[in-house]
Amino acid sequence: MPDAAAFGAVLAEPAVAHALRLTALVALATLAAHLLLGLVLGYALARPGWFGRGALDALVTLPLVFPPVATGFVLLMLLGRRGPVGGWLAQWGVEVVFSFWGVLLASVVSGLPLAVKPVQSALAAVSGRLAEAARVLGKREWEIFLFVLLPNIRGALAAGLVLGLGRSLGEVGITLMLGGNVGGRTATVSLEIFNAVGGGEFERAAVLSVLLGAVALGLFALLRRLGAL
């Protein structure tokens with residue numbers, strides 16, 4: 001276990017300070033994205049029978065079964081300057097690869113299945129009978145979702161956010177491809193740990209691992225509390 005002097009020395013490094021700020025910002029943005037996408041995609045996938053549902057379900061699940069580095073490479077080919085999407089975005093002055101947006105996209109994609117699946121399962125279990133009863137009472141679809149379904153899936157939603165954000169905080173493979181691991185620019189705390197281990201700086205890696213673990217446990221406790229309200 002590193003001592004206080006080791007913590008002070010590591011935290012005083014400009015690259016580490018930037019990595020902490022970047023990781024915090026990306027985590028907050030990822031949490032918001034997972035909240036929105038978890039609800040929208042979970043609701044859509046919980047409703048059977050519509051065209052394209054199977055393809056969307058497979059696309060959402062893909063980051064769970066596809067190797068992270070390979071996922072990152074596919075996204076790099078799509079979003080790079082010579083890629084079909086990245087080339088079009090470049091015409092408008094938008095750069096995704098090797099930028100903050102690449103790091104954020106890697107974070108969102110890596111944890112998305114874990115944010116969506118609990119919501120999907122919970123909605124599939126409760127939406128039929130509760131929604132039908134609400135419709136009989138004359139409620140609109142948005143009212144059914146906000147005031148009938150959402151209160152009944154808050155535990156699953158909180159669990160999905162915890163799992164998705166926890167996965168995103170530890171993301172390395174996709175971030176390496178999309179963010180480029182540029183120190184002081186796109187290197188997150190996880191990538192700084194990766195770099196420290198690769199350079200034989202094990203005390204530095206230990207300090208950063210303790211910090212990242214503490215943040216993850218704090219978020220876990222907070223979201224568990226929110227889910228229990």
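Heads up, residue numbers simply count up from 1 along the chain you see.
Just so it is clear, glycine is given a Cβ too, placed from its N, Cα and C backbone atoms.
For the ranges 3-21, 98-116, the feature annotated in TrEMBL as transmembrane segment maps to 98-116. The stretch with the most CB contacts under 8 Å to the transmembrane segment (98-116), chosen from 27-46, 58-78, 144-166, 205-223, is 27-46.
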